[in-house]
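Report on the structure given below.
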């Protein structure tokens, strides 16, 4: 039937030949001749090259391993985010940013038809180039001729399982979770608690920014088109991998340092990562909105390292970064490293023996091999889900806004752009019953197509809770009856008491000394005595309030609780370089990198009755937040939020907060259903008692030895043992004869330095991907 419907040419048999090109891990290839299957009538096939450029789906037929295989490909419409930009520099160093209208139609993903476990990442720009799997076998395909025509010869590389060779190791087997100690007052990325708690069901969007250094520019003969094609193919592969986690990786921008490197890049991967992190945090946010940035470098890192990233820092303004060495001509090996380092940003550990990998090798395997990673292990999936429970992850749930998109709107690309109400893809792809796929408009008679306040294509009633309060410093958000979207997240007014009076709310958080001690030193830590904090009046590096250049400013008497953080107990295994200083019952940390305020009391911390720390000063709450009696100015059942705006209490409809019909309706429902539930429960108990009596009577009868049916035994639920991450080993060096500053009493010092040298930053822990291979 398929043959009758499609215009097909016969395939020549594949001809095995000896390898004439040398690729990492590949000894030989065979020649195949992919034939494109055209689903059009002959009279419609007039300009195949032009038609292919715009087709959403493609099929290619070829002989693979002696059998006919049909490769189904679907265009990756989200490879480039709307508003994609490219930045380069002219000979004078002037920055030039463009928004090229790139037709990324030649980048596809798909699978082999009728194969249960199969996937593919293919570029059709100049023949077929990329990866696909068939069963347990992985293949790489690329054209042998520069001439693009149907049926041209391609090299098909087969990766032999017997050639698998773990000749590389990773030095970060014992990575610890590290909490972000950046200023908690920053509300840009706030913890997301999904209502149903099932992160897997929600689509995530990673806005991906790639920077290529000057060495890369020269490595590819200063040919920006060649670099672009290579980068797009790598990004396409990374996107294919993360789609398995219901996550879209869209390239929002690419930057090439065409004149010179903007940072100091050295073989020391940690040093390079730290420099790139600082450059990214100070330069990129003003240029382009993005969630993560990676540097691709031609510099060979020292030892076996080919990649490095901070641990569990996705969405962080400075540390959501990674550096990757362009270590192989095989771009998919480099793409695998890019995906691996991104995994560390999501808090994924390296896979160990207890992890279940559904493919030959998974993304977070600790070593590079001849295989390209094709999936995530069970451990990686658990770590990924945990990231969304514990970390700041808002940036991954916000798809680009229509007003942020500067490219020409295209209906059917699954991105809502200017002039569109919705975009559910093509008519074949669309599953949204509220959206007209042909016009990208809401269907007649409907009000909305999606959102927390949209139900069955209609707005939910005003006052219905769409985002419950997460904690005592948060406020619930209610639908307004005019939109399908839930309003922006709002918090309690800054200065609202929390943690049983131990703190005051600030931007949705409740900063306390105890919380900060636990974050720094781990469980079992407690806040040190007041006498320890009095040392902040000394103005030494073991007790001060502020740092101005290299000068340490002592605390005033009233501000001692707002300077250096002093704690008791806890662990001495810290992930940062520096000195652990202990005297009497006081313990503090002196970081090697003074640019980050590790070990200082955070803004918003309570320092007295109705007083909080702001910029190392203990000030009145009213002076700090100007929120006193704010709620008294709100009308109806409303309270003040963190921006001193009035917001309705739960169950009261905006904007006036005087309509409780939602609460009244709920009360009626409860009043009706409660008696019904009670009656149902009583009936169930009576029936159960009667059944029990009948069963007892039957049990008293003699048992027959014939004609009995075996009872099906209920399986006992198996206990799943949780696998704990290995503890990080640390090299500890005791230093005894350190000079004592001023009248400081003798103190014991402990230099905390991981055996793997991470960048000296606060919360994030760096994690590397190592390759002992000669750089391929």
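Each Cβ is built from the backbone N, Cα and C atoms, and glycine gets one as well.
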Which range, 667-687, 688-708, 709-729, does Swiss-Prot list as transmembrane segment?
667-687
If one consults Swiss-Prot for N-linked glycosylation site across 264, 275, the residue flagged is 275
The average per-residue pLDDT within the topological domain 'Cytoplasmic' (688-776) comes out at 42
Which Cβ among the glycosylation sites (275, 352, 558, 629) has the fewest C-beta neighbours inside 10 Å?
629
State the Cα to Cα distance, in Å, between residue 629 (N-linked glycosylation site) and residue 603 (N-linked glycosylation site), rounded to an integer.
22
Secondary structure content, the domain 'Disintegrin' (408-494) (per DSSP, counts of residues)
0 helix, 16 strand, 71 coil
Could you check which of the glycosylation sites (268, 275, 352, 603) sits closest to residue 558 (N-linked glycosylation site), going Cα to Cα?
603
Within the domain 'EGF-like' (626-658), how many residues are helix, strand or coil going by DSSP?
3 helix, 8 strand, 22 coil
Whole-Å Cα distance, residue 268 (N-linked glycosylation site) to residue 275 (N-linked glycosylation site), is 11
For residue 352 (N-linked glycosylation site), just give me the three-state DSSP call.
coil
What's the CA to CA span in angstrom from residue 275 (N-linked glycosylation site) over to residue 352 (N-linked glycosylation site)?
31
Name the secondary structure element type, per DSSP in three states, that contains residue 275 (N-linked glycosylation site).
helix
